[in-house]
Amino acid sequence: MKLGRAALGLLLLAPLARAVEPISLGLALAGVLTSYISYPRLYCLFAECCNHKRSLRREELQRDLDRKLFGQHLAKKVILNALTGFISNPKPKKPLTLSMHGWTGTGKNFASKIIAENLYEGGLSSHFVHLFVATLHFPHASNLTLYKDQLQLWIRGNVSACARSIFIFDEMDKMHAGLIDAIKPFLDYYDHVDGVSYQKAIFIFLSNAGAERITDVALDFWRSGRRREEIKLRDMEPALSVSAFNNKNSGFWHSSLIDRNLIDYFVPFLPLEYKHLKMCVRVEMQARGYDVDEDIVTRVADEMTFFPKDEKVFSDKGCKTVFTKLDYYYDD
């Protein structure tokens, strides 16, 4: 009876922990979980368990990327190969670290969502996937020291509970410089840090920094009549790391994560063209259970704005506002 009440208590604590994530209840919940570590099978009947995560299948990940991420051949290739290679390695030497760069609406958040969904049934809602938004969780520069301590405690506690934890840092271009360096020891080539191994964890950074460089390369290819699919990672990755490192408005400004080569891939997300917006509209229609109406698809895409001013090649908001514009045509 006592154990049954404890299991029920854990069920009640789980949604509360998510509501105040990422800092407040971390240590308290970790203590409760530790108390019942002797009963893992029973606990896993009532709550999500780290060892019950999904088995990553390359074919399913490839299918999700192809169906949901448009105009991003470089990002899809990097994510597919990096993630499957990392997960299949029983003894990685360091955590997998991806830094995704590009304008708003190009698919960075969507790509992180796909990764989470392919590793955990709950996706972004999983207890083992942790999202930090710079302007929400770390708003005040005056609290930088406090944020560093909290961030280290949260990551240490969650990796201790689940080695395959995923940490996503959004709005890196708005993060206070120096804060992200607090996690540098966790990303380095150490077997253990204070008794905890971080080698199976995954860290994903999302940023607008470097988007100008990505656009310049994509525009050069377009003006020369070359297909965007001909763009190679080597055309962008070195410039992206330098751009993020030297950008004073970026959380990576002079960061030891870049200086010590701890980021495995700088992943460019190309600006989207008119045809990609139409793909986004079609997928959203299908997701809402509507038949695809090509007339509405065209009308929604035509309402978007494009740049450069004269050539109008790329959407200035990507697919971000496509979904709200679609609401106008299905206003019940």
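Placement of Cβ uses the backbone N, Cα and C atoms for every residue, glycine included.
Source: prediction; values computed, not measured.
Taken from TrEMBL as is:
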BINDING   G102, W103, T104, G105, T106, G107, K108, N109  ATP binding site
DOMAIN    272-329  domain 'Torsin-1A C-terminal'
SIGNAL    1-19  signal peptide
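Cβ contacts within 10 Å of G105 (ATP binding site), excluding its own Cβ and spanning all protein chains shown: 22. Taking the centre of the Cβ atoms of G102, W103, T104, G105, T106, G107, K108, N109 as the ATP site, the nearby residues of that chain (Cβ within 8 Å, site residues left out) are F110, N208, F269, G318, K320. Long-range neighbours of W103 (ATP binding site) (same chain, six or more residues apart, CB within less than 8 Å of its CB): N208, A211, I214, T215, F269, P271, D316, G318. T104 (ATP binding site): 15 other CB atoms within 10 A of its CB, across all protein chains. The least crowded of the binding-site residues T106, N109, judged by other CB atoms within 10 A of its own CB, is N109. Assigned with DSSP, the residues of the domain 'Torsin-1A C-terminal' (272-329) fall into helix, strand and coil as follows: 31 helix, 5 strand, 22 coil.
G107 (ATP binding site) counts 27 other C-beta atoms within 10 Å of its own C-beta, drawing on all protein chains shown.
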